[in-house]
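Right, one structure below, let's go through it.
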């Protein structure tokens, strides 16, 4: 289920409850001229993401847009610096264990297009 990002990503991740999983789809921003994400790999991954997350009430995902191409390409992009995102698309899996520790797993770039890797990553 697609959830709105109501606050900062840091706050959203801090509020992941124990034994809960939140997915974060790090995506290229939409190009105002084409009305599509500027990154072709993101455009290719979106149908897979949307199909999986829209068809499940158990899987929660928020979409985060990393910026236009020049913003993304800067080494100081906040998603590169704060969250260690190196490519788009990236699907982050954030799970808080019973002890309260937040575990992070990432499915990066072309791996997001591999249906087997994607299904295994989201546990469907």
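If you go along the chain as it appears here, the first residue is 1 and each next one adds 1.
Glycine too: its Cβ is placed from the backbone N, Cα and C atoms.
Feature annotation from Swiss-Prot assigns active site, nucleophile to 39. What Swiss-Prot lists as domain 'Thioredoxin' is 37-124.
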**Report entry** Overall pLDDT for the domain 'Thioredoxin' (37-124), taken as the rounded mean
**Finding:** 94
Requested in this report: Measuring CB to CB from the residue listed as 'active site, nucleophile', give everything in the same chain under 8 Å that is also at least six residues away in sequence.
Outcome: 27, 28, 69, 88, 89
